[in-house]
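Worksheet: the structure to be examined is printed underneath.
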Amino acid sequence: MSLQLRSSARIPSGSISPFMRMAPLAFLLLFTLPQHLAEAAPSSVIAATELRCVCLTVTPKINPKLIANLEVIPAGPQCPTVEVIAKLKNQKEVCLDPEAPVIKKIIQKILGSDKKKAKRNALAVERTASVQ
């Protein structure tokens, strides 16, 4: 038994309006475009628009030598607590306890080293300006 399309089941192409021909394409674009926009958006933008805390669990201790970057997210409408996220040298992210004394020392040390770098850069700019 074979399935064959009857001639009465066919719709003549001249009787379909241009709108009806474009409807399936418009439908597909309508539902696939937002997905592509969401995938193309940077993760920081997505994280900023989510109204929830990033850190669900925190670590009270970490070796400072493992930290490549440190991000502090202040308390706000997305989360009532301050969040400290450390990006490690192995590309993992760890949430740190901002109230832990060890973490406070690490943050102060990083901020202190940033101030020292800024002073060195300012002195270097002054020296190059005085030489010219």
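Residue 1 is the first one shown; counting continues down the chain.
Cβ atoms are placed via backbone N, Cα and C, with glycine included.
These numbers come from a predicted model, not from an experiment.
Annotated features in Swiss-Prot:
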{"type": "SIGNAL", "residues": "1-40", "note": "signal peptide"}
{"type": "DISULFID", "residues": "Cys53-Cys79", "note": "disulfide bond"}
{"type": "DISULFID", "residues": "Cys55-Cys95", "note": "disulfide bond"}
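The Cβ of Cys79 (disulfide bond) has 16 other Cβ atoms within 10 Å, all protein chains considered.
Remark: Cys53 (disulfide bond) has Gln78, Cys79, Thr81, Glu83 as non-local neighbours, by Cβ distance under 8 Å and separation of at least 6 in sequence. The Cβ of Cys95 (disulfide bond) has 17 other Cβ atoms within 10 Å, all protein chains considered.
Listed in sequence order, Cys79, Glu83, Val84, Ile85, Cys95 are the same-chain residues at least 6 apart in sequence whose CB falls under 8 Å from the CB of Cys55 (disulfide bond).
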